[in-house]
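Colleague: Mind looking over this structure? Questions follow.
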Amino acid sequence: NKERTFIMVKPDGVQRGLVGKIIERFEQKGFKLVALKFTWASKELLEKHYADLSARPFFPGLVNYMNSGPVVPMVWEGLNVVKTGRQMLGATNPADSLPGTIRGDFCIQVGRNIIHGSDAVESAEKEIALWFNEKELVTWTPAAKDWIYE
């Protein structure tokens, strides 16, 4: 139950007022919020975050889009949170996202897909370390824990 994932509401999700709805979905699922901040990410930070995409033709546009407004990076914890979180987000391209997923319900176009989620435990660890220091990761026990896990 200690697996962690990195989730970030992108500038379009912030501008459209979807932060609360996104947090609500993760809370309702039973995942535990460990860290959250509201920030305007620097291009340098975004280039590190998306380093694996740096050779792709869309990379400069991606960095500019992510730097166009504030973002809400978060860390969530729970059983299989990386895999389940990705399922909750829906496909990267909203056109392929099922209704009921975050992208399926709230967005239309791949270039404005409102949210980022780690694709593996290893990438989650890297992304969490990039965006948060150890003191920002809060250790706590939710009152509902025993109603979520056996």
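Glycine is no exception: its Cβ is also placed from the backbone N, Cα and C atoms.
As listed in Swiss-Prot for this protein:
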{"type": "ACT_SITE", "residues": "H116", "note": "active site, pros-phosphohistidine intermediate"}
{"type": "BINDING", "residues": "K10, F58, R86, T92, R103, N113", "note": "ATP binding site"}
Colleague: Counting only residues 6+ away in sequence within the same chain, which have a CB under 8 Å from the CB of the residue listed as 'active site, pros-phosphohistidine intermediate'?
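Modeller: In sequence order, the residues whose Cβ lies under 8 Å from that of the residue listed as 'active site, pros-phosphohistidine intermediate' (at least 6 apart) are F6, I7, M8, K10.
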Colleague: Using a 10 Å radius around its CB, how many other CB atoms surround N113 (ATP binding site)?
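Modeller: Other Cβ atoms within 10 Å of N113 (ATP binding site): 22.
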Colleague: Using Cβ atoms only, which residues of the same chain lie under 8 Å from R86 (ATP binding site) while being at least 6 residues apart in sequence?
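Modeller: Sequence-distant Cβ neighbours: G117, S118, D119.
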Colleague: Using Cβ-Cβ distances, find the residues under 8 Å from F58 (ATP binding site) that belong to the same chain and are at least 6 apart in sequence, listing them in sequence order.
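Modeller: Result: none.
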Colleague: Can you give me the same-chain residues 6 or more apart in sequence from T92 (ATP binding site) with a CB-CB distance under 8 Å?
Modeller: R103, V110, N113
Colleague: What does DSSP say about R86 (ATP binding site): helix, strand or coil?
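Modeller: In the DSSP reduction, R86 (ATP binding site) maps to helix.
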Colleague: Mind giving me a neighbour count for K10 (ATP binding site)? Other Cβ atoms within 10 Å of its Cβ, every protein chain shown.
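Modeller: Its Cβ has 22 other Cβ atoms within 10 Å.
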Colleague: Let me know the DSSP-derived helix, strand or coil state of T92 (ATP binding site), please.
Modeller: coil
